[in-house]
Amino acid sequence: ITWDVRAPLCMAFQSLLTAVLIWTTPKHSMIRWATLPFLMYLGYICTATGPNFTLQTTLFMCFTVGGYINALHCINFLCLSPLDHKHHEEHSWVYKLYFTTAALWSLRGVGTAWQPKSIPQFPAGQIPGRAAFIRRQVILIFFTYCLVDWITSQKQTPEAAVSWAEGKEWLWLARNPHKVTAQDLVARALATFMSWFLLGRLMLEMWHRIFSVIFVGSGISEVRQWPPLWGSYSDCFTLRRYFNKFWHQCNRIHLQGVASFTGRDLLGLGPGILRRYTITTLVFAISGLYHRLVDNLMGIDWHKSGGLTAFLLIVPGILLEDFVQTCWNRAAAPKRLSAKTRSLLERIVGYLWVFSWLMLVTPIYNYPIMRI
């Protein structure tokens, strides 16, 4: 971390400006819409200057592509799903700005009307006391750091590097000039497990815990505003449940807002299956663009990045599982099974399905990064 703080200052100004506009302009004011290019420009400044502030992986993502994420988050609450500025009229301007800025910085909307229903509960469903919460977070931060440091410090052997050679992300497609071996499949499984179930989770979760200790410890936040970032592994038996219940929900509100506005208002799609899957596709497309931007900032050419392709390939997986589930629920055979047997069978098949599909698409994103 350096003293070049232009990126975090621009992100803070995005939220502060949005808070001021929410309290001073009507919901559908043209002033709000006129501010959108400036919010995106501030996002560009974050992308351009973020690497000067920090190169730590998670913070690097937060203060580079995070500028655009925060811009869309602010745009969503300014124009696409505008907040009601009539609440808390009896409070002072200082409180209004504090309340609104704090609400904007809570990307998951914890404790607000727009909080996603799938945000995980605290362990045992009980909100711990402040001291107990901080103590537990500090212990977990320490062990998480040690585990991440150990994993990332392991040297890759030349034999392992062969597994992500140019083209191997495409398996048996013509774009892969190599023969697919058992070692390749093992490497794909390991990369998938690390990315979606272990290392990716630990790195994001560690910083979430660090910030929770800072904000709760300083009295800025309450413990109830920092529920767990990740859901339960037991929910990972469909792709929908994986992304709706297990995966962190930090980007869900603004992605859903932008995608819904595009499908409903710009494309004019009425309620139904077409709009539902269009919104799903747009959500993963925007997320893929975020990851493609990160790739570019890491030195990967736009045409070599697999970020957009990999995330868009999640959509046909969701379509396929929706179709299979519909057929399964209408078939006669499942109805002859006991509820316990059917649930167990569905979960076993579901876990294998989710891991297999992620194993198929993950290297498209990961392997170009690993070849840097």
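Each residue, glycine too, has its Cβ placed from N, Cα and C.
Those TrEMBL annotations? Automatic predictions, nothing curated.
Range with TrEMBL annotation transmembrane segment, chosen from 65-84, 305-324, is 305-324.
Mapped onto DSSP helix, strand and coil, the domain 'Wax synthase' (226-312) counts 60 helix, 0 strand, 27 coil. For the domain 'Wax synthase' (226-312), the mean pLDDT of the prediction comes to 94.
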